[in-house]
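> Below are the features listed in Swiss-Prot for this protein:
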type	residues	note
ACT_SITE	ASP67	active site, proton acceptor
BINDING	HIS63, HIS65, HIS143, ASP213	Zn(2+) 1 binding site
BINDING	ASP67, HIS68, ASP213, HIS271	Zn(2+) 2 binding site
Amino acid sequence: MAAFSVHILGCGSALPTTHHHPSSQVIDLRDKLYMIDCGEGVQRQFRHEKLHFGRLIHIFISHLHGDHCFGLPGFISTLGLLGRTGTLHVHGPEGIERFLSPILEQFCHRMPYQVEIHTIDASRHALVHEDKSVKVYSIPLSHRIPAVGYLFEEKCRARHLNKAAAEFYNIPLAEYPLIIEGSDYTTPDGRIIPNRHLTTPGTPPRRYAYCSDTEFCPSIVPIIQGVDLLYHEATFMEEDRARAKETFHSTAKEAAEIARQAGAKRLLIGHYSGRYKDVQGLLEEAQSVFKPTIAANERMRIDL
């Protein structure tokens with residue numbers, strides 16, 4: 001089975017702490033890396049995880065609060081120093097171009113590669129990127145400024161060849177790749193053997209949803225229904241719910257309720273407020289509602 005894993009580079013919130021880095025994750029899917037959010041310190045975390053800079057082609061920014069995007073200027077500059085030549089694509093909500101363009105002009109105008117900026121309508125659920133491995137959809141979130149989550153949906157994987165059937169019909173080996181991709185087979189005498197008689201369905205595609213930052217927002221549930229893994233911010237505990245409401249963030253219990261309603265297979269919480277020195281309370285609060293909950297931590301890798 002092809003790799004589909006999530007690397008946690010940072011899971012803290014706005015205020016810097018000695019125990020968590022600002023938000024950033026990297027998805028490793030087949031032959032590519034996809035970054036979600038790019039807080040300060042991301043370059044060191046990227047190296048700690050032994051991730052290859054050259055495999056990263058797309059960066060997705062959730063919103064323009066500093067703890068989610070202040071790592072971008074340094075990261076973009078470093079890629080140039082490393083001799084990158086392939087285009088880097090940066091996706092984000094309205095304002096992403098105003099944020100990046102002056103930086104690119106001032107510090108990165110002689111780089112050996114191009115940066116393409118793609119503005120996303122944070123109010124719409126839409127397909128924002130597609131390649132041979134994945135489709136990426138926007139998830140409208142509810143925060144103090146335009147914020148967007150991301151749903152990564154693996155492309156349908158190839159069907160499994162029924163070797164006994166292939167041998168029965170004397171199908172040449174050269175035809176196997178086409179059959180695995182879904183083609184019927186025509187025998188030398190002109191008979192058409194339907195693909196369903198020659199293959200079985202491939203493994204269901206895996207799905208990962210990233211939802212941060214946002215207040216409790218049940219409207220996202222239909223979009224993320226049945227995901228294999230849901231990352232949902234859990235900035236506060238229920239005892240600080242008033243502060244969560246004031247700042248348009250979620251509690252751990254609310255994150256778990258979203259996971260429960262969506263029928264997610266697993267929940268990953270993060271974006272912890274700096275007031276909590278230990279995240280065990282946040283984890284237990286979430287698990288009281290949705291048992292298969294994991295507390296994110298730096299340098300953690302979760303396989304889907």
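Just so it is clear, glycine is given a Cβ too, placed from its N, Cα and C backbone atoms.
Please situate the listed features within the shown structure.
Shown in sequence order, GLY12, SER13, ALA14, PRO22, SER23, GLY39, GLU40 are the residues of the chain, 6+ apart in sequence, with a C-beta less than 8 angstroms from the C-beta of ASP67 (active site, proton acceptor).
Sequence-distant contacts (6 or more apart, same chain, Cβ under 8 Å) of ASP213 (Zn(2+) 1 binding site) comprise SER62, HIS63, HIS65, HIS68, LEU141, HIS143, ALA147, GLU233, THR235, PHE248, HIS249, HIS271.
Under the three-state DSSP scheme, ASP213 (Zn(2+) 1 binding site) falls in the coil class.
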> For HIS68 (Zn(2+) 2 binding site), which of the three DSSP-derived states applies: helix, strand, or coil?
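Once the DSSP labels are grouped into three classes, HIS68 (Zn(2+) 2 binding site) ends up as helix.
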> Quick check: which same-chain residues outside ASP67, HIS68, ASP213, HIS271 lie with their CB within 8 A of the centre of the Zn(2+) 2 site CB atoms?
SER13, ALA14, PRO22, SER23, ASP37, GLY39, SER62, HIS63, HIS65, SER212, GLU233
> Taking the centroid of the Cβ atoms of HIS63, HIS65, HIS143, ASP213 as the Zn(2+) 1 site, which other residues of that chain lie with their Cβ within 8 Å of it, listed in sequence order?
SER62, LEU64, HIS68, LEU141, ARG144, ILE145, ALA147, SER212, THR214, PHE248
> Of all the binding-site residues here, HIS63, HIS271, which one's CB has the most other CB atoms within 10 A?
HIS271
> Among the binding-site residues HIS68, HIS143, which residue has its Cβ surrounded by the fewest other Cβ atoms within 10 Å?
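It is HIS143 that, of the binding-site residues HIS68, HIS143, has the fewest other Cβ atoms within 10 Å.
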